[in-house]
Amino acid sequence: GAAMQRFLRPLLCLWALRLPAGGGAAAARGLDVASYRERVRAMFYHAYEHYLESAFPYDELRPLTCDGQDTWGSFSLTLIDALDTLLILGNVSEFQRVVNVLQEGVDFDIDVNASVFETNIRVVGGLLSAHLLSRKAGVEVEAGWPCSGPLLRMAEEAARKLLPAFQTPTGMPYGTVNLLHGVNPGETPVTCTAGIGTFIVEFATLSHLTGDPVFEDVARTALKALWKNRSDIGLVGNHIDVITAKWVAQDAGIGAGVDSYFEYLVKGAILLQDKELMSMFLEYNKAIKNYTKFDDWYLWVQMYKGTVSMPVFQSLEAYWPGLQSLIGDVDNAMRTFLNYYTVWKQFGGLPEFYNIPQGYTVDKREGYPLRPELIESAMYLYRATRDPTLLELGRDAVESIEKISKVDCGFATIKDLRDHRLDNRMESFFLAETIKYLYLLFDPDNFIHNDGSDFDVVVTPYGECVLNAGGYIFNTEAHPIDPAALHCCRKRKEEQWEVEDLMREFYSRKKTKKFTLKRAPDHGEGENAKDPEDASSEKAGEKRNFKKSSHSLLSCPSQSFNSKLAVLGQVFLDNT
């Protein structure tokens, strides 16, 4: 409808731009975009090859000792996290090899206590993204793809391991779950806000692809529980008790512990064309501006009173200008970005905490673990404005990371930006996010930046389906999700179910007598999914796999004319 188009209009500035190769205005300033792109590619392989050589199958590389360690579970995490980056760099052969390695080697049936949040964004998100990109990467996909496939099954298996965490009185999940036994007895009920509100992108994608509504349902319930428990002045705190819904840490801000909750309201709204999620964010946005914003900086305040509790900037907050650009607030986004960029220039990186009034680092928070957030915002804002200052941040990031952080075995976390001491760790997000956003900043013609002028039409058991038209939604670990894929695997219109049932009857030629039609539920499950007289429809009701003969006769009704054209990479649904 008109309202939906109104809130999606800001995306035009992001996805409609066709940038000139060579970076436009930046070339005039003497910044060689192509050479920086190649330097970023070399950075990726320096880190990736040393991970494979020295750390695989462990989660992460320890670059100072050239060995590996398990950190967030035991999933060969860096390999899952780096998989879609391989394709963005154009390496289809290694993408295909890794897909096979992961299928054979990753097991989620393990006695490991895992972070629900991290497992979702890195493992479920990484597998979903790779699944949706696998045809583009030349993988031979199953007949039912994108509604089935080995990576999708792995993503679903990992997500199912997280579901016990959501079984609380409030619907807000525990922060940790044992992958074998569920929630441990005595597990702390205190979870950070982001650990509750950062599931809708991955879980809704899973539900739409698999037909099982449980994932999207639990993610929505958790989002709404946070909304319901906001303070009278419209703010949420940092940590909450998921049993009692009492706020334990009452600091409100846009950074650590809260950040991706706000991000997922916006991205969930765009991905699902959901006005309710967007209106929640816009309400929060008003309260954030009213209480936490000072001179284009954002401070931390007490969630009930609005009084300043910490006048600090955290490096994790640097995602905010990118998020503002997604809702079309580009001027404010640029002003805040430029504040953050001055901090980068002061230190050659963003310290974890920066005291705004004093203009210096905070004790014990002087490190920079090669985080992506400022580069992520630069990528979004460059799509929207083509301002060459944004490419200069990219240049500075490449120069400083290479100068300070590069070691023989990869790139090491910077323990202290003041004296450039290093830590023996390379987080998986360095390859998943930091390198990816840097590369995309310097690669205006990458397929990720598609404006809808190019797309693939895929025939699925559910009809024709438009994919790879652009408008990708990055999860908070920079794993791109194709929003059009969410409309490939189910029907919405009652008449279409009936037509399919009629045609199935016609082609089965098993019956001549009259039959009754019952509409199968949207997600292909439930007690009314089959005609009791017709056992052959049972499988069809569950899996909706049709014989080839019906492919050409059935088309997907949820793909409107606009979405076939994939206008501006955005899919507009015609739900009438």
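Backbone N, Cα and C atoms are what each Cβ position is placed from, and that goes for glycine too.
TrEMBL annotations:
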type: SIGNAL; residues: 1-26; note: signal peptide
type: ACT_SITE; residues: Glu118; note: active site, proton donor
type: ACT_SITE; residues: Asp259; note: active site
type: ACT_SITE; residues: Glu352; note: active site, proton donor
type: ACT_SITE; residues: Glu373; note: active site
type: BINDING; residues: Thr476; note: Ca(2+) binding site
type: REGION; residues: 517-557; note: region 'Disordered'
type: COMPBIAS; residues: 519-544; note: compositional bias 'Basic and acidic residues'
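With respect to their backbone Cα atoms, Glu373 (active site) and the residue listed as 'Ca(2+) binding site' stand 10 Å from each other.
Within 10 Å of the Cβ of the residue listed as 'Ca(2+) binding site' there are 25 other Cβ atoms, across all protein chains.
Checking each of the recorded positions Asp259, Glu352, Thr476 against Glu118 (active site, proton donor) by C-alpha distance, the shortest gap belongs to Thr476. Between the alpha carbons (Cα) of Asp259 (active site) and Glu352 (active site, proton donor) lies a span of roughly 14 Å. In this structure the C-alpha atoms belonging to the residue listed as 'Ca(2+) binding site' and Glu352 (active site, proton donor) are separated by 18 Å. Note on Glu118 (active site, proton donor): other Cβ atoms within 10 Å of its Cβ, all shown chains, come to 20. When the active-site residues Asp259, Glu352, Glu373 are compared by the number of other C-beta atoms lying within 10 angstroms of their own C-beta, Glu352 comes out lowest.
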